[in-house]
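Student: When I checked TrEMBL for this same protein, it listed these features:
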BINDING   P128, T130, R135, S295, T296, E344  L-glutamate binding site
DISULFID  C356-C409  disulfide bond
DOMAIN    53-407  domain 'Ionotropic glutamate receptor C-terminal'
DOMAIN    63-119  domain 'Ionotropic glutamate receptor L-glutamate and glycine-binding'
REGION    26-49  region 'Disordered'
SIGNAL    1-24  signal peptide
Amino acid sequence: MDKGLHFMFCVITTMLLLRESSQTGEKNDPKMLAASKSGFGTDSRGREEGLPTLTVTTILEDPYVMVRSAELEGYCIDLLKALAAMLHFSYKVKVVGDGQYGAVSSNGNWTGMIGEILRQEADIAVAPLTVTSAREEVVSFTTPFLQTGIGILLRKDTVSQEMSFFHFLAPFSKETWTGLLFAYVLTCFCLFLVARLSPCEWNEPKNEENHFTFLNSLWFGAGALALQGVTPRPKALSVRVIAAVWWLFTIALLAAYIANFTALLSSGSEQLPIQTFEDLVKQRKLEFGTLDGSSTFYFFKNSKNPIHQMIYEYMDKRRDHVLVKTYQEAVQRVMESNYAFIGESISQDLAAARHCNLIRAPEVIGARGFGIATTQASLWTKKLSIAVLKLRESGDLDYLRNKWWETSCLHTSRDRWSPLQPQALGGLFLTLAIGLALGVIAAVVELSNKSRHAAGHVKKSCCSVFTEEMCTRLRIKENTRQSQETSGRANA
């Protein structure tokens, strides 16, 4: 009897140990994380509460689904948790066996996540799965949870162009340079005008020589632009006001120029030579390709656009060399060789955010979206679509987008540079205009005060004396020339 009880105890203990070991091995398998994820607890608790359990297929792609410490995390996992909390279901996540998104193979069967849904190996697919007409014929898609398109991923040093001979003019736009030239000429003219009107700068127009001629005023303004002190030195308050405002303007302008020129040099290029897909086809320096069997490849295959057809023919003839198997392989190849990757623009934005030496070309074509795939007869399609719309309206999808696409680069994800426009310096030009106006007003006030004192001595009206003084000061060169001609004739 004792031997029988002892034998039964050993058998039960062995079975418990084997079961625990099996559960531990299943939990640590990153390819089949069947431990249920739910907004309401574990899978067993979900069954106790009568919640339906969905088998979810996905694909490992940063940042949508990633393995961290034997657990899955990423944008799609967070999205799945939010959907489960809203629709009250539990789920089991499995990574697609062949590592494919879903395309028709040579034997007519679907591969990847689409194939698993058709074979009823999974209920839904939550992944960066593009909604296409071919896939829509065999499965159903929800409302897209992410909008994207087709872009070109490049390495910055492979697309940098040689600097032009007049590259030093690039920090400012043409409009800014035009405004600067106009401000310079206007300021110098105001200096010339105010110096002639001000009595402090020129007391006796008939006997003195005014140092602020128009050429001297131009030289004075140019010296201030170069931060150099030049003569003549202003004496009158009105001239000093204009000079001080012009100095302030030039200091701020030079600071803006130096900062923008430094950014221009660090960016390596004023403008990307490859802006569009047409530019990519015309060049011969870079090879280009996309994911083998992806929706991007079939987009170019089915497109009637001549440029798109040229891209497809190029990739089809060199498919063994230019087509890549995974997105990680594509990014690595762009970083290490003269290769341009054509793919989802939203994934390329992530690559540019993670790798600061990468950049996406401006043109994006083929607007599309990532949706959740279900079987065609599934009742979950509409429920999931409504839940996705609610998450978008509440801002949760934007939060997830910012969370998983956060950049570690010092510059923007595209690191684009643009010339400084006049609007950015509008306040500076306005300050200069106000200073010029104050200088002219001060010169008029100074001249009117002198005219008022002179009118008391000669017993004339202030207005007549003021007019005579102004005419004399503005026509002094003509008067001098006439007096010289008169004296010449007298000597003759």
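Cβ from N, Cα, C; glycine included.
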Student: Suppose you look only at the domain 'Ionotropic glutamate receptor L-glutamate and glycine-binding' (63-119); what would the mean pLDDT be?
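Tutor: PLDDT averaged over the stretch: 91.
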Student: Round to the nearest Å and give the CA-to-CA distance linking R135 (L-glutamate binding site) with C356 (disulfide bond).
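Tutor: Cα of R135 (L-glutamate binding site) to Cα of C356 (disulfide bond) measures 35 Å after rounding.
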Student: Express the distance between the Cα positions of T296 (L-glutamate binding site) and C356 (disulfide bond) as a whole number of Å.
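Tutor: About 25 Å separate the Cα atoms of these two residues.
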Student: Please name which of the binding-site residues listed here, P128, T130, S295, E344, is nearest in space to C356 (disulfide bond), Cα against Cα.
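Tutor: Result: the closest of the binding-site residues to C356 (disulfide bond) is E344.
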Student: Other than its own, how many Cβ atoms are within 10 Å of the Cβ belonging to T296 (L-glutamate binding site)?
Tutor: 22
Student: Tell me the residue counts in helix, strand and coil for the domain 'Ionotropic glutamate receptor L-glutamate and glycine-binding' (63-119), as DSSP assigns them.
Tutor: 20 helix, 15 strand, 22 coil
Student: Given a separation of at least six residues and a C-beta threshold under 8 Å, show me what packs close to E344 (L-glutamate binding site) in the same chain.
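Tutor: P128, T130, T148, G149, I150, G151, T296 - these are the non-local Cβ neighbours of E344 (L-glutamate binding site), listed in sequence order.
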Student: List the other residues in this chain whose Cβ sits within 8 Å of the Cβ centroid of the L-glutamate site residues P128, T130, R135, S295, T296, E344, in sequence order.
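Tutor: Residues close to the L-glutamate site, other than P128, T130, R135, S295, T296, E344: Y101, L129, V131, T132, T148, S294, R368, F370.
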Student: Near S295 (L-glutamate binding site), which residues of its own chain have a C-beta under 8 A away, given they sit six or more steps off in sequence?
Tutor: Y101, T130, T132, R135, R368
Student: State the count of C-beta atoms found within 10 angstroms of the C-beta of P128 (L-glutamate binding site), not counting that atom itself.
Tutor: 22
Student: Looking only at Cβ atoms, how many others are within 10 Å of the one on C356 (disulfide bond)?
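Tutor: Cβ-Cβ neighbours of C356 (disulfide bond) within 10 Å number 15.
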Student: Can you tell me how spread out the L-glutamate site is, meaning the largest CA to CA distance among P128, T130, R135, S295, T296, E344, in Å?
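Tutor: Output for L-glutamate binders P128, T130, R135, S295, T296, E344: max Cα distance 17 Å.
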